[in-house]
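Pulled from TrEMBL:
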- B:33-55: transmembrane segment (TRANSMEM)
- B:75-95: transmembrane segment (TRANSMEM)
- B:100-121: transmembrane segment (TRANSMEM)
- B:136-155: transmembrane segment (TRANSMEM)
- B:192-211: transmembrane segment (TRANSMEM)
- B:217-239: transmembrane segment (TRANSMEM)
- B:251-272: transmembrane segment (TRANSMEM)
Amino acid sequence: MGLRGLLSRLATRRVHVLVAEAPAAHEVRRALEQEVCRRGWVLAGAAADADLLAVVGSPGRRLGEVVERVWDQLPDPRVRLQVGHVDQVAGALDAARAELADTSRQRDAARDRPSGPQPGETDHGEMDHGEMDHGDMAPSGIPLAEGAQDRDGLEMDVLHLPLGPVLRHWPAGLVLHLTLHGDLVGQARVERLDEGPRPPSETGPDRMLDAAASVLDLAGRRQLADRARELRDPARIAAFRRRVLADRVLLWGLGGAGSEVVLRLDALLGAAAGELDQTDPRSGAVTDARLAGLVRGRDLGEVRLLVATLVPWLEGDREAADA
Amino acid sequence: MPDRIRSALLVPVAETARLLRQRPRRTVEADLLLWRIASSGLLPLAVLMLVLVPWGDRALVSDPVGVVWFNALDVFAWALVWLLGWGANAVYGLVGGYRFLALALGYELPLMFALIAPAVAAESLDLGVIAAAQSGLWYVVWMPVAFLAYCLGVLGMSVRAPLDAAAGADLAGGVLAELSGVDRLLVQAGRYALLVAGAAVAVPLFLGGGAGPLLPGWLWVVLKAGALAWALAAVGSRLPTLRPDRVLQPAWVVLLPLVLLQDLVVAAVVVWG
């Protein structure tokens, strides 16, 4: 094996995987994430950090378009795969790694690809600048940011950021169109891609723990998040809940003991442990309109945390949620 | 178990190979010049800090105002991390840059006043003289607050937990979000190098320099710096990412007065001690 072979073998030891999740595929997504972690691979947070785009479930037309755009943003060498069933996960990852390590094939694919981003056609990140204005003040078709007053009356540039749908710890198929002043949310609009019948909200312990682990991940506590995902026994979950609520630094970082995020994190763990009263207002679902109201005026980090606590309900059926 | 250790040791090698094999990608209308300056600047910054450290009794660059040099260099991290976020011309990077500046406001003033304590005690700004002045008692023993503020500053300038909100998971990587290939490699290496450089400068400032039994001085410097860098990373990984809006108040209302008090105590000891 030559030097090039050694390099490609080393380079594909820790594949970075970006997951694009279609609605109603969270079981496959969880299986994929588990398999990725078991192999010592990495779940990427952004397209620039990914070698592999894993499409989970079957995306509809709109999500499909977004997946294509994200695919355009992966650096070479890159691979994509699609899995629709838990059993296919391991095999698909093996095949993807082999394809990634195939240097000559990757080089051919990269040669046919334009080296820079295509102005007008690509958005940066998952950014979308709303109405494209091809005026003089619009380099590459992107209008310059305009100013407006934020909630404190400060004049700030306004940025438009759609959060989702290809984003970690985020409800599948949901896009939150935000206008940002700095990192403060001004306006918010909720969009559902490929709106179709959704399953009723699942509130089993697994879903709750997965959401709680997402919150811990976003808060920078990876080890604690991994432990949350491994919990099964209700008594151990209850002990874990008490431990999390006793972690003063964590709670302070999440916004303080009485904050919305901490209350909802507590509710997730309580529901997983079977300790939560059915009538607890926090276990009730959140409509899209309510979500838009909830995120207004908060900063971007808080929005991410808050949405992560709501994933089980936001992915479920809205009619059931309203009731 | 040996297999696990082997794969853990291979992680940096594998990541390096991966990033070297990756073609860097660009964003629309990226400010390439500033972005490249930022991504390639962190590593030289750390090297410039390391040359100030006295290895045993001699530094590569022995400077009568080494402490001031270090301070000037660590302020450069502000510019570089901000430009890293700005250059990509994308929202996550920009917000990451904002966050870094807000955090830097929180950690930089306590760090500056923390640097004053050993300098006052040794009556010198020369890192070599400061190290030699600790022959009786290491400064960390009677300047714990200054040491703490210094360590916090090192974590801040190397964008590490708990002060890593600028590169947070909630921003999809923040200032790192759009980096790929060799640019990303340089930035990640630069962050580790800044952590190590910060720990190495702490050795003459607080940890007695090359003083230690049996082993030669330079080896003690390496051992102390390595241990401190490891400890900082270990403590950081057990703490949550602190949001800038939560950090600023305790940093200025609690930590800054405490560090000033520390300076006052040190000055009093030097004058009347």
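From the backbone N, Cα and C atoms, a Cβ is placed for every residue, glycine too.
TrEMBL labels come from automatic prediction, so no person has curated them.
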Ranked first among B:75-95, B:100-121, B:136-155, B:217-239, B:251-272 for CB pairs under 8 angstroms with the transmembrane segment (B:192-211): B:217-239
Top Cβ-contact partner of the transmembrane segment (B:75-95) among B:33-55, B:136-155, B:217-239, B:251-272 (pairs under 8 Å): B:33-55
Remote residues contacting the transmembrane segment (B:251-272) - C-beta distance under 8 A, at least 6 residues beyond either end: 106-107, 109-110, 113-114, 116-117, 120-121, 123, 142-143, 145-146, 149, 152
Same-chain residues at least 6 beyond the ends of the transmembrane segment (B:136-155) whose Cβ lies under 8 Å from its Cβ atoms: 74, 107-108, 110-111, 113-115, 117-118, 121, 130, 161-163, 194-195, 198-199, 202, 205-208, 211, 228, 232, 236, 255, 258-259, 261-263, 266, 269
